Amino acid sequence: MENFKNNELESSPIINKNNSSHSINNEDNNYYSHNLEHNDNNNNDNNNTITNSHINNHDHKHNHEHEHKHKHNHDHNHDHDHNHEEEYGHGNELEHNNDQEHNVGNKNLLTNNNNQSKKKKHGHSHGGGEDGSSSGGGGGRHGHGHSHGGGSGSDHNHGSSDEDDEESKPLNQLRNLDSKKKARYSLILALTLTTIFMVGEIVGGYFANSLAIMTDAAHLLTDIGAMFLSLFAMWISQHPPTSSMSFGFHRAEILGALVSVLMIWALTGVLVYEAIQRILYPPDAVDGKIMFIIASCGLFINIIDAIILHWGSGGHGHSHGGGHGHSHGIGGGTQKKKSKKNRLLNNQGQDIEDLGGENGKNKKGVRNINVHSAYIHVLGDCFQSIGVMVASCIIWVHPHWKIADPITTLIFSVIVLGTTIKLLRESLGVLMEGVPPEIDVSEVKGDLSEIEGVTEVHDLHIWSITLGRPALSVHLTILPTIDPEEILSIANKILLEDYEINHTTIQIEKPLVKDKCKDHSCPPPKPKKKKIKNDNLSSPPNQ
């Protein structure tokens, strides 16, 4: 029970067994005092300091149960009817000896009548909690920050212990390394290893008289050229947009990858021609032992390069944060991601969340196409090295089977060409402004059509500026009574959260405007009406 008094100061500490009395000092000349009944199952003397951050207008009974296994065990029964927006701080010193005295110093804004129910926000800090309704489970040090607002939701941030944070810092720095830097470092390291080994292969292939080894060395030469080209493309793609290149130079990466693929195809054609010549005109003796040693070393180097480039391409990058975001509805359960059909315009005055913050959805890793093209080169070299090892083993055991050398060259040349098909398709898809393969146009159109107030979706175009940078333009026809700004906000939210498209151009149209708009073309000009001459009116009748 709480008694509110205006324009007078009361401080009434009361000490009762199994009862606690609160004295409240309010700076805004609104005062109240209330008694709380506690059932404490604690025979120990504990001194606790509880700091809460509340924003409320409140009049409440506390009737809830907490069982904390850190410094004390007690039962509190609290009944909360939360609906408040006020800020107050509790400095409570509790003596648990079945007789409790509570001194509370509050700075609040209270504008309520007696016996009025309140809704409030809580800020809790639990150290090492294992049990309880809001503890995260597990021992050790665990911090919780809770914000409960009037049944509309709550946010939880669960942080790990300080020791865990210190231990995970180097790993997090490695994971969070800028993708561009990671790609550049991987290319430089792979380029250095490849150059050193290429020189060794050229010398070894010359003395072994092996076309397969010389073929592998030639592949390494194209790898080096492709890596230099990739580094140049990455450098120029970082240049800002200009007046003549409004999208910037992002597609330089795509051009570099395309040229790299064409280099592989050209070199493979030359090697196939040489292999056919060796089949028709067999060479002199081939040293299978030297071939095997060099091919084994080549395979080892290529595997190292492949691991480095796969790491640098960022194809499986993950971002692991230390916190969790939850939203709790009126029923108290966790509210999952809204379904597409529920993202409707139910409230004209609703707020649209900031989608660019740190708590937004983590994007899945997008691989760097230049590093990936170099990775394809190295992967082809791995196949080539395996082929050389097979041929060298055959020639080592049976020296007269020299034909195994060009045959393996032909077989693995075809395999190398096969590894470039996907990269070639991706490069051409971006240059031809095709729809990104991970996005379904019909699904996007259906999601936009489900927005309440949208009557039609047309002129939908989706393309990629470069890999991982999709763009979209669309026309949305809406009802005349709907606010266009709300439709625009909801459409952008759907596109960003579900499809990770943040470069959008959305045109909102009313029905009259839509009638003049056609897909993919402007309305044709209206034909001019022909004037019909009337001879009877132009010349007087003959008499």
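From the backbone N, Cα and C atoms, a Cβ is placed for every residue, glycine too.
Annotation comment: Swiss-Prot describes 11-26 (among others) as compositional bias 'Low complexity'.
The compositional bias 'Low complexity' annotation in Swiss-Prot covers 41-55 (among others).
According to Swiss-Prot, the feature compositional bias 'Basic and acidic residues' maps to 56-66 (among others).
Annotation source Swiss-Prot lists compositional bias 'Basic and acidic residues' at 76-104 (among others).
Residues or ranges marked as compositional bias 'Low complexity' by Swiss-Prot: 105-116 (among others).
Marked as compositional bias 'Gly residues' by Swiss-Prot: 130-140.
The annotation region 'Disordered' is assigned in Swiss-Prot to 1-175 (among others).
Taken from Swiss-Prot, the feature region 'Disordered' covers 319-342 (among others).
As annotated by Swiss-Prot, region 'Disordered' applies to 516-543 (among others).
The topological domain 'Cytoplasmic' feature in Swiss-Prot is assigned to 1-186 (among others).
What Swiss-Prot records for 208-216 (among others) is topological domain 'Extracellular', and it gives sequence analysis as the kind of evidence.
Residues annotated as topological domain 'Cytoplasmic' in Swiss-Prot: 238-251 (among others). Residues 180, 430-431, 465-466, 469 of the same chain lie 6 or more positions beyond the ends of the topological domain 'Cytoplasmic' (238-251) yet place their CB under 8 Å from a CB of it.
Positions annotated as topological domain 'Extracellular' by Swiss-Prot, on the basis of sequence analysis: 273-289 (among others). Note on the topological domain 'Extracellular' (273-289): residues 207-211, 215, 392-397, 399, 402-403, 405-407, 409-410, 413 of its chain, located 6 or more positions outside it, place their CB under 8 angstroms from a CB of the stretch.
Look at Swiss-Prot and you will find 311-375 (among others) tagged as topological domain 'Cytoplasmic', backed by sequence analysis.
Remote same-chain partners of the topological domain 'Extracellular' (397-402), defined as residues 6 or more beyond its termini with a Cβ less than 8 Å from a stretch Cβ, comprise 282-283, 285-286, 288. The topological domain 'Extracellular' feature in Swiss-Prot is assigned to 397-402 (among others).
Taken from Swiss-Prot, the feature topological domain 'Cytoplasmic' applies to 424-543 (among others).
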What is the number of residues in the topological domain 'Extracellular' (273-289) that are helix, strand and coil, as DSSP sees it?
10 helix, 0 strand, 7 coil
I need to check the long-range neighbours of the transmembrane segment (403-423): which residues 6 or more away from its ends have a CB within less than 8 Å of a CB in the stretch?
210-212, 215, 219, 257, 261, 264-265, 268, 271-272, 274-276, 278-279, 282-283, 286, 291, 369, 372-373, 376, 379-380, 383-384, 386-388, 390-391, 394-395
Are there residues at least six beyond either end of the transmembrane segment (217-237) with Cβ under 8 Å to its Cβ atoms? List them, or say none.
180, 183-184, 187-188, 190-191, 194-195, 197-198, 201-202, 205, 248-253, 255-257, 259-260, 263-264, 267, 270-271, 368, 370-371, 373-374, 377-378, 380-381, 384, 416, 466
Same-chain residues near the transmembrane segment (252-272), Cβ under 8 Å, at least 6 residues beyond its ends:
215, 218-219, 222, 225-226, 229-230, 232-234, 236-237, 368-370, 372-374, 376-377, 380, 409-410, 413, 416-417, 420, 423-424, 426-428, 430-431, 466-467
So what pLDDT does the topological domain 'Extracellular' (208-216) average out to?
72
